[in-house]
Amino acid sequence: MTDNTVWHETLHDQFGQYFAVDNVLYHEKTDHQDLIIFENAAFGRVMALDGVVQTTERDEFIYHEMMTHVPLLAHGHAKHVLIIGGGDGAMLREVSRHKSIETITMVEIDAGVVSFCRQYLPNHNAGSYDDPRFTLVIDDGVNFVNQSHQTFDVIISDCTDPIGPGATLFTSSFYEGCKRCLNPGGIFVAQNGVCFLQQDEAIDSHRKLSHYFGDVSFYQAAIPTYYGGIMTFAWATDNDVLRHLSTEIIAARFHQTHLKCRYYNPAVHTAAFALPQYLQDALSPKEVS
């Protein structure tokens with residue numbers, strides 16, 4: 001890969017997207033993944049793993065705000081948060097904005113990703129790696145949730161697509177481990193791809209998660225970087241009230257945090273759980289309300 005070329009995403013065989021590469025900042029295969037970080041005039045710095053875009057400076061705030069503030073504000077009194085993946089540091093950045101959080105644990109399989117991102121994506125982590133509440137664990141996420149003695153109020157799986165090393169974070173073993181690590185009333189969320197193009201992933205996750213959690217559904221956000229439509233996030237908890245909280249309740253909690261967001265707001269929070277009919281039909285009407 002050289003400067004002034006075009007980088008093509010390889011997630012889909014029959015269609016896809018490309019980025020003009022203005023400047024390659026880093027490109028090397030780590031022990032686990034093929035990682036590249038380059039600059040693009042429209043999206044800023046772009047990071048891709050194994051031919052799939054993971055994040056861009058231009059729109060990462062949408063993904064990370066929705067992955068953090070939705071479960072944290074729905075929970076209402078979370079103190080201990082676990083992030084699986086998230087090596088770019090942006091998920092940590094958003095969680096750390098909640099001053100009521102007491103501990104933030106991040107489990108990343110590849111120490112190299114953390115090092116690269118601290119150097120090349122500083123706006124993503126915005127200094128959050130230095131938060132005294134933060135602990136970094138270099139380990140496989142499945143192993144951690146099945147072996148750890150720690151428990152958490154919210155678990156955020158900032159996983160890659162279910163290919164390569166990221167595939168293990170879509171298995172029953174991982175979901176079962178997350179359930180054992182959650183405190184009563186806890187919430188698990190995970191990225192689940194663009195459901196219009198990756199519907200089988202949502203169906204598979206829904207089926208597996210339903211073995212361990214009483215309330216399983218999805219919520220969504222429109223993120224331009226992720227080609228093909230609206231991004232889907234898995235939602236799992238045993239407290240079915242949390243998914244149906246009113247906008248007024250969420251707004252009161254949001255006001256108490258003094259957060260200023262660029263995408264998330266209480267109305268977006270409640271609207272995000274309204275799923276398109278094709279996804280409801282795929283999951284079956286009896287399973288989604």
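Cβ atoms are placed via backbone N, Cα and C, with glycine included.
For D158 (active site, proton acceptor), the Cβ neighbour count at a 10 Å cut-off comes to 26, with all displayed protein chains included. DSSP assigns D158 (active site, proton acceptor) to a strand. What Swiss-Prot records for D158 is active site, proton acceptor.
The Cβ of D140 (S-methyl-5'-thioadenosine binding site) has 18 other Cβ atoms within 10 Å, all protein chains considered. Under DSSP, D140 (S-methyl-5'-thioadenosine binding site) is assigned to coil, being neither helix nor strand in the three-state scheme. The S-methyl-5'-thioadenosine binding site annotation in Swiss-Prot covers Q33, E108, D140, G141, P165 and rests on sequence analysis.
Same-chain residues at least 6 positions away in sequence with a Cβ under 8 Å from that of T160 (spermidine binding site) are, in sequence order, L49, D50, V52, Q54, G85, G166, L169. Residues or ranges marked as spermidine binding site by Swiss-Prot: H64, D88, D158, C159, T160, D161.
Per Swiss-Prot, domain 'PABS' is recorded for 5-238.
Listed binding-site residues: D88, E108. The one with the lowest count of other Cβ atoms within 10 Å of its Cβ is E108.
When the binding-site residues Q33, E108, D140, G141 are compared by Cα distance to H64 (spermidine binding site), the shortest distance belongs to E108. Looking just at the domain 'PABS' (5-238), the mean pLDDT is 93.
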